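Asks: Have a look at this one.
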Amino acid sequence: MADTESIVYNETENNESLASNVSGREAASREGLATAYIFLFAMALVPIFIGSLRSVVYHYNLKKKGEQAEERIRMREAAMFPIYASVALFSLYMIFKYLPKDLVNMVLNMIFFSVGVTAVTRASSVLVDYLLSLVNVLNLSTYILQFQKKGKDKLLNIFKFEFTVIDVGLCVLAALLVAWHFLTKNWVLNNIMGVAFCFNAIELISLESIPVGCTLLGGLFLYDIFWVFGTDVMVTVAKSFDAPIKLMVPLDLPENGMDASNFGMLGLGDIVIPGLFIALLCRFDFNHHPSKFRGYFYTSFIAYIIGLGTTIAIMHIFKAAQPALLYLVPTCVGLPLVLALIRGELGPLFAYEDYPSKKTPTDSTAGDGINGSDETIHNDPNQDDGAAAKRE
């Protein structure tokens, strides 16, 4: 399951950044605002789109091996998530209130360093794999690092890690990049790490079903509204927390270039949370519809664009911070459900699970492909969506 605290921080930072942008927006030119929002939209949409398609391949390959994803959000976790997030948020508020901020941020940045290196290494590895596949360089020597425990009858795997020489090189480069970011706080490096976080989270973390997704988004919808409009806790934590948990683009980039300092920001939580739901719809499309046209995926993707655009528009109109999930949740959940209602597919949509716990009558219906079992998959995503996902 996703790190609860990171989600809290992401939501927090986003709302604070909106408030800070409003206060300095008069100094930003129209060209600066347009540039910032274009880049923010692009950096939000790319990991959602690619991460969703990659999630199809990731889960398909797991099921071919007879395995299941480890990072799965179930109903109980989804229902409790806003409570966990609230506890984590308030705990951070108290920590920053009574402990030195520099000390707290130093500890948190040490944690983010290891997470950042892992995220950047994996995301860059996917990109390099895809580029190598274009020139037919696929047969690289793979090394295995494995720890086993001797059992009564057989050896039990404790840890197993497969890698290539290229992976080692990418890990070293990622460590240098992340270290440079923590030393310089460069916004370009911050964005590289942020996009890598989002990409990996959307691909690897899965919602168990549509009802689980609706529960999670609905709970965080209320969470976002309460902590933004009800208290100053979120704003206080956002001001104090210094880590790569948001995307940043200077509003004065056309005027000042790399020396720009007036930033527009978007929290990673406003990308990952809707992105998980969009990825689930993408997997439903793949398993339920033999054709390549993925109506639910494209509908939810467009819904995200509408929701994020609405957030920015409302923010400008009222000159005040807006919780992005207030607009993203209704669009990303509502439009796909309307499409399902029109198609008469509400039942199959709500019944879909990546890893069904037991057989139901719909599972045995020939050609349905509803529940995504190996027997009902019509097409291979490794063929449909490119070679970017060949190595898991």
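For all residues, glycine too, the Cβ spot is worked out from N, Cα and C.
So TrEMBL lists these for the protein:
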type	residues	note
REGION	355-392	region 'Disordered'
TRANSMEM	36-57	transmembrane segment
TRANSMEM	78-99	transmembrane segment
TRANSMEM	111-140	transmembrane segment
TRANSMEM	161-182	transmembrane segment
TRANSMEM	212-230	transmembrane segment
TRANSMEM	263-284	transmembrane segment
TRANSMEM	296-318	transmembrane segment
TRANSMEM	324-342	transmembrane segment
Asks: With pairs closer than 6 in sequence left out, are the transmembrane segment (296-318) and the transmembrane segment (78-99) joined by 3 or more CB pairs under 8 Å?
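Replies: Judged by the Cβ rule, the two regions do not touch, with the required three close pairs absent.
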Asks: Hey, which of 111-140, 161-182, 212-230, 296-318 has the most Cβ-Cβ pairs under 8 Å against the transmembrane segment (36-57)?
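Replies: Most Cβ pairs under 8 Å with the transmembrane segment (36-57) come from 296-318.
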Asks: Short question: which residues 6 or more past the ends of the transmembrane segment (324-342) have a Cβ under 8 Å from it?
Replies: 11, 14-15, 213-214, 217-218, 220-221, 224-225, 266-267, 270, 273-274, 277-278, 281, 295-296, 299-300, 302-304, 306-308, 310-311, 314, 349
